[in-house]
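Everything on this sheet refers to the single structure shown next.
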Amino acid sequence: MSNGNQASDMSEGSSGDEYAVSVPEGRGRDRDADGEASTIIESRDLSVWYNDEQALQSVSMEIPEKRVTAMVGPSGCGKSTYLRSINRMNDLIDAARVEGEMLFNGKNVYDDDVDPVALRRRIGMVFQQPNPFPKSIYDNVAYGLRLQDRTENLDEKVEEALRKAALWDEVKDQLDQSGLDLSGGQQQRLCIARAIAVDPEVVLMDEPASALDPVATSKIEDLIDEMAEEFTVIIVTHNMQQAARISDKTAVFLTGGELVEFDDTDKVFENPENDRVEDYITGKFG
Amino acid sequence: MSGDSSTEALTRRTQNSSRELLAKGFFFGCAALSVATTLSIIGLLTFEAAKFFSITAPLVGIDGPTATLTEFFTGSEWGLQGPNLGVMPLVAVTLMVTIGSGLIAIPLGVATALYLSEYASERARSYLKPALEVLAGVPSIIYGIFAVAYITPALDALFGVDGLFNVASACIVVGIMILPMVASVSEDAMQAVPDDLRQAGYGMGATKYDVSTGVVVPAAASGIFSSFILALSRAIGETMAVTLAGGSLAREFDPTSLSSYLSLFDPESYLEPGMTMTAAMIQLLTGDVTGGGLAYRSLFAVGLVLFVITLGMNVLSDLIARRYQEDYQ
């Protein structure tokens, strides 16, 4: 029983003290053996409001470089809000207000002299719904490079990004076809290629596999594992199994925008400090 | 519960009750009426125009004066006093008004749509969009008076024009008239672009300008092109304002010579009066043209040319919309 339950069944059948989610044996992520990574993103007492409603409560967290950090929690817990406050995508929402600090390489991104456009060129993002532009596959990947006028050796860079996104072999003969003609899973890998083509330092992923079927999901997960060699990956997911499979660190947010636990993934899933986290990951609520 | 009554309840037919049939018949009648009206107008237009041409007149039993197709389509003058029945001088001025008003309305309309859709705050939008729609609702005679009373004097002060009427004034006023259509239809197309695409753009470090011009406009291209065609089609058919602003003096235009086509793009020629197809039809109707004569029948021939052009534009608009429609789902 302890290894048969699926995360998608969290809402039911989790009787007793057995974990609904178990950390799979022999999973790919075991980078902690490399030693401690340095911190690339750090929030200090970060709070976010939408109008009068507080979405994040004084969240402090240090996110390690070139690791996969997962953010999990029930709907409305603020995990996506946290993700979007890293690259200031919340700026696009008029009602959003931020307090506290979000440090990227030691610099508070909410300082007056920080240009959110420049920030987003170093922190890429992949969204829940695959959202390729209605342009060719090639133009989708080249979009960010052209924005930044980095068009020398464009063909090579596009190919490299598509290879890193494990999409090259599937699309190399149809680069001039519309990105919208691809399947959902391919579209999402195209979006990943688009994000990593500009060599960002961090890639934010907001439930990147939740709209995909299991096979496509598994490809995205493999990809995330490889991406961590080169990039810092921060992924929001509602799928506990997925967080356990792919992440080095896991942050658990609970309703009200509170960060209740942040630790190595093994620790969070096997021996959480906080009783509410244990209840959440064993499926007692959420 | 008895088996019989429940079976009866299941088999009672509601689809063919008299009320349903009556309603269906009534709605069909209304739909059929509008189609029938359109078809009869087209039929009558064609039938009356057929009386005008020498080649078709015998078919509809007319043996009065007629015009040949060659005269009509290659004649370089329009005038009912002599045998000057060339439609091309009228088509040429209509084309000038279309080009001129398009040059004004298309850039301004798209820019307005971009502002409303991408830049304006919710509050600004709530004032500007209705204002734009009011502009579209102003009767065209008001635009015509405005052109004669204000635009022509302004043009006179700037470039010096003779008299009250000139094509430039018509272009400007029709441009103002069709601008709301370009802006409104383009804005609808831009609003229909999924927000996901904007987010993708901003997430890549695009500026608002990058997202507006590089993501939203291409994604909304089919709707934006449709707005151009619809607006130009309106410009071609516009009557009151162009008659007042452009005047009713037919120009000379030789459809067989290249230089006359080049004159369509000569700014100087816009400062002179000119008569469009619609203005010519107004003149025919308000003049002392009596039923049955050649002049009277030419009205229908010009009308048919106008109809074919606007129909063609609308079909083209449909084709473009269908061809370039992006499927986001």
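Just so you know, the numbers here start at 1 and follow the chain as drawn.
Including glycine, each Cβ sits where the backbone N, Cα and C put it.
Listed in TrEMBL:
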DOMAIN    B:91-317  domain 'ABC transmembrane type-1'
TRANSMEM  B:21-45  transmembrane segment
TRANSMEM  B:90-116  transmembrane segment
TRANSMEM  B:128-151  transmembrane segment
TRANSMEM  B:163-183  transmembrane segment
TRANSMEM  B:214-236  transmembrane segment
TRANSMEM  B:294-316  transmembrane segment
**OP:** Take a look at B:21-45, B:128-151, B:163-183 and tell me which one has the most Cβ pairs under 8 Å to the transmembrane segment (B:294-316).
**Re:** B:21-45
Subject >> Whether the transmembrane segment (B:214-236) meets the transmembrane segment (B:128-151): three or more C-beta pairs under 8 angstroms >> reply: no
Original post:
Ranking B:21-45, B:90-116, B:163-183 by Cβ pairs under 8 Å to the transmembrane segment (B:128-151), which is first?
Top reply: B:163-183
**OP:** Report, as numbers and ranges, which residues of the same chain sit near the transmembrane segment (B:163-183): CB under 8 Å and 6 or more residues beyond its ends.
**Re:** 93, 96-97, 99-106, 108-110, 112-113, 116, 132-133, 135-136, 138, 140, 143-144, 146-148, 151-152, 155, 227-228, 230-232, 234-235, 238, 241-242, 245-249, 269-274, 276
Subject >> Remote residues contacting the transmembrane segment (B:21-45) - C-beta distance under 8 A, at least 6 residues beyond either end >> reply: 300, 303-304, 307
